[in-house]
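Colleague: According to TrEMBL, the feature transmembrane segment maps to 6-25, 37-54, 60-79, 180-203, 286-317, 329-348, 369-387. Taken from TrEMBL, the feature domain 'Citrate transporter-like' applies to 27-398.
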């Protein structure tokens with residue numbers, strides 16, 4: 001790509017720099033408008049500075065990625081309503097064999113859920129369960145929260161829907177869900193194992209709590225506070241519970257006989273019973289739709305079309321106003337991507353990415369191991385110093401400047 005005019009080159013660099021700074025530091029004192037507004041500002045400046053025309057700006061926005069993001073967020077919202085993450089939380093403590101076993105389970109469940117339902121959703125929902133489990137077992141929460149966060153990032157790399165930058169890379173290069181999964185899964189598995197072993201090694205002393213110290217008796221009175229009970233109190237509570245259960249059983253028998261004698265409506269037709277049955281049926285339908293979506297993605301169907309179809313199917317099955325679920329969609333993220341597409345396209349038109357790659361190419365030959373290592377280190381440093389999405393888009397724009405990469 002030929003270098004643009006000198007003035008446009010400077011103006012385009014200014015627009016991209018504003019986008020980059022606000023994406024990395026959304027509350028910068030000089031302009032604390034956030035990532036979404038900063039992204040829009042960068043895109044609008046590309047048009048105002050005549051780097052792009054209005055039509056070129058519209059064409060730069062990849063609707064398939066936006067539809068895929070929207071669909072996956074809607075599906076995640078319905079999964080949360082169907083208690084999918086609650087069941088995942090229960091798996092954390094099911095037949096658990098101690099703190100080290102628990103940290104391995106958190107790593108595994110966090111990685112799988114983030115690969116299928118995005119890492120942000122997994123972290124937000126599972127954090128509550130991890131904190132509750134650590135509190136109930138009198139364990140420090142830090143190792144388990146680190147396991148949750150790190151494993152979510154590792155697991156999200158395995159699929160195109162795991163995080164936003166994966167969507168961009170897979171969609172704009174025509175990589176199917178199955179191809180992406182097969183290519184990244186081995187590295188994700190190795191990374192997950194290394195992460196779990198490293199956490200156990202770092203926090204081995206904290207996790208090596210004796211079983212007698214963990215299995216202290218805990219009572220819950222409904223106020224969310226754990227209360228330690230003495231043996232005498234426990235004996236009194238157990239006796240009281242037995243008596244209350246016996247009296248409650250007798251009362252239920254009398255009420256049942258009176259109800260049958262009065263020829264009232266049978267219990268099986270009770271409204272609450274059918275509401276419970278309908279709720280279970282609805283949850284089952286949600287899980288069937290989500291499994292069907294994942295199978296369709298693995299079979300190579302269009303990812304955005306599959307996601308939005310699954311989202312629409314869940315709205316219809318819910319048979320209610322979809323506004324409460326739609327309100328959980330992160331529209332600020334969608335706006336951020338719209339502005340980012342326009343800004344990156346304008347930055348590419350300045351010719352700076354291709355010029356930068358010409359300087360880097362002798363040291364970063366991506367067809368050799370040494371070049372891959374250099375590129376990986378650059379991405380690693382920039383992702384930690386800045387942010388993963390802007391860094392991913394910057395590296396992607398540099399790679400797109402390669403004739404062999406197009």
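Each residue's number is its place along the chain shown, starting with 1.
A Cβ is built for glycine as well, from the same backbone N, Cα and C atoms used for every other residue.
Predicted automatically and left uncurated, TrEMBL annotations should be read as such.
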Colleague: For the transmembrane segment (6-25), I need the partner stretch with the highest count of C-beta pairs below 8 angstroms, choosing only from 37-54, 60-79, 180-203, 286-317, 329-348.
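Modeller: Most Cβ pairs under 8 Å with the transmembrane segment (6-25) come from 37-54.
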Colleague: For the transmembrane segment (60-79), find every same-chain residue at least 6 residues outside the stretch whose CB is under 8 Å from a CB in it, and list them.
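Modeller: Long-range Cβ neighbours of the transmembrane segment (60-79): 52, 85, 117-118, 121, 160-161, 164, 167-168, 171-172, 286, 289-290, 293, 302-311, 314-315, 318, 325-326, 328-330, 333-334, 337-338, 341-342, 344-346.
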Colleague: Under an 8 Å Cβ to Cβ limit, what residues of the same chain, 6 or more beyond the ends of the transmembrane segment (286-317), are close to it?
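Modeller: Residues packing against the transmembrane segment (286-317) from afar: 63-65, 67-68, 70-72, 74-75, 78-79, 81-82, 84, 116, 160-161, 170-171, 176-178, 181, 325.
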